[in-house]
Amino acid sequence: MHLDWTALGQVAAASTGVTVAVVVVFALGVLGLAQLEGARDRQGRTFALGLTQAVLCFLACAAVVAYGIFLIVPQFH
Amino acid sequence: MDHITFLVAVVIVTALAFDFTNGFHDTANAMATSIATGALAPRTAVLISGVLNVVGAFLSTEVAKTISGGIVDDTLVSPGMIFAGLVGAILWNLLTWLVGLPSSSSHALFGGLIGAVWVGAGSHGVNFEKVVEKVLVPAVASPVVAGVAALLATYLAYRLTDRARKESVTKGFRIGQIASASLVSLAHGTNDAQKTMGVITLTLISAGALGHDAGPPLWVIASAGIAIGLGTYLGGWRIIRTMGKGLTEIQSPQGFAAETASTAVILTSAHLGFALSTTQVASGSILGAGLGRRLAEVRWGVAGRMAVAWLITLPAAALVGGLAASVVQSGGDLGTAVVALVGAALAAGIVVVSRRNPVHAHNVNDAHEVTIRTEPPAKVGTAA
């Protein structure tokens, strides 16, 4: 019997890595949002920083989702 | 169409019935945590999931080819055996639904087929090496991997957002959950609808209506997609309750971490050709997400019962499948009709029993247990 341990290891490593990365980046985006909502001044530094952080993080997550859809749909490959 | 005999027609209808049970059995995989955290209203959740399942079915026919060529020997399989296997799978799916246990529909299907082929064609018709390689190893490995990934991700998510305003965090992750849950549904559609397509295609091949290496025809893809989509929309509320509420109390960061882990595992392994069970992956993720939040309570009794259900799913479905196969084999068309009627009667019985203590969109989040017995009546005299 042939068990492909390499493939199994790849699945384990890749999926753990992707999960942790996506959740951490998304959490940072949520932090940015929380900063936005907490900022008293709409022109202030906190607001601008929070906005940038949230936008960048959510864009990164959207890119991963797009790649996921790309993987699901064979017509794209 | 002279290849489509009475038996083949019965098999196709049974396969679609299995697909339907597959759909409502597995709604929970994608949507249980979103429903539990309030990210999506129950009815909206099952609608999104159902539509994405249909879409997924049309997108990919990759797995459909591997199911029909590998685990059982295609050349020995008769439509009668496929029918018997499906009956075993459907009955096991309904029974586990009744007690609210998220067992694997894929294992039920494999089990039913293995049992039926074993009885019908002898043990050489079953490719045991393939069973271990394609079914058992992923079954053990995938929930563990998903669980570890969700655990790590949940822990980090809570550490990072520790000091932020709780409402902003909850709201943010709820919105994220809608995306992650939708991706699980789409991946589920591409995986599970294909199993039924594979089975119907296998039947058509064994009846001589299709060539040996043929892919599923369009009408097969369409009907399988619609059957699983309808089943998903109906919603397996009993299982949704167990997965969303029963294992642990899920908050939105955990739900997001769990769904992300499920999607990642399903997509990476589908990419490498493992046919894994979405149910087991999703349960592993939820368990991991429960452990990742400090002080979160995991109900190990529920987790233990689920693990037992996983262990016995394949052999139990195989037993029913084998039994049905022996009746079909000795009784011919009459035997098939008898098995179909007995199967339908048992299925109806299970549905009637479930009515005694129904779980639906309105009460799914109210409790964490699924019981079969009627609750004691609140007022004397109102009990039926």
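Even glycines carry a Cβ here, placed using N, Cα and C.
Annotations in TrEMBL come from automatic prediction, not curation.
Taken from TrEMBL, the feature transmembrane segment applies to B:41-64 (among others).
Remote same-chain partners of the transmembrane segment (B:76-95), defined as residues 6 or more beyond its termini with a Cβ less than 8 Å from a stretch Cβ, comprise 5, 7-8, 10-11, 14-15, 17-18, 21-22, 25, 103, 105, 108-109, 111-117, 119-121, 124-125, 199, 202-203, 206-207, 313, 316-325, 327-329, 336, 339-340, 343, 346-347, 350-351. Under the heading transmembrane segment, TrEMBL lists B:76-95 (among others).
Here TrEMBL flags B:107-128 (among others) as transmembrane segment.
Per TrEMBL, transmembrane segment is recorded for B:135-158 (among others). Through the fold, the transmembrane segment (B:135-158) approaches residues 71, 104, 106-107, 110, 173, 253-254, 256-258, 260-262, 264-265, 269, 274-277, 280-289, 291-294, 310, 314 of its own chain, all at least 6 residues removed from its boundaries and within a Cβ separation under 8 Å.
Look at TrEMBL and you will find B:218-240 (among others) tagged as transmembrane segment.
According to TrEMBL, the transmembrane segment annotation covers B:307-328 (among others).
Here TrEMBL flags B:334-353 (among others) as transmembrane segment.
Remote same-chain residues near the transmembrane segment (B:41-64) are listed as 23, 27, 30-31, 34-35, 181-182, 185-195, 197-198, 201, 215-216, 221-222, 224-226, 228-230, 232-235, 237, 240, 270, 275, 361-362, 364-365 (criterion: CB distance under 8 Å, separation of at least six residues from the stretch ends).
The stretch with the most CB contacts under 8 Å to the transmembrane segment (B:334-353), chosen from B:107-128, B:218-240, B:307-328, is B:307-328. With a cut-off of 8 Å between Cβ atoms, the residues of this chain six or more beyond the transmembrane segment (B:218-240) that come close are 15-17, 19-28, 31-32, 35, 42, 46-47, 49-51, 53-54, 56-58, 61, 96-102, 185, 189, 192-194, 196-197, 200-201, 204, 354, 359-361, 364, 370.
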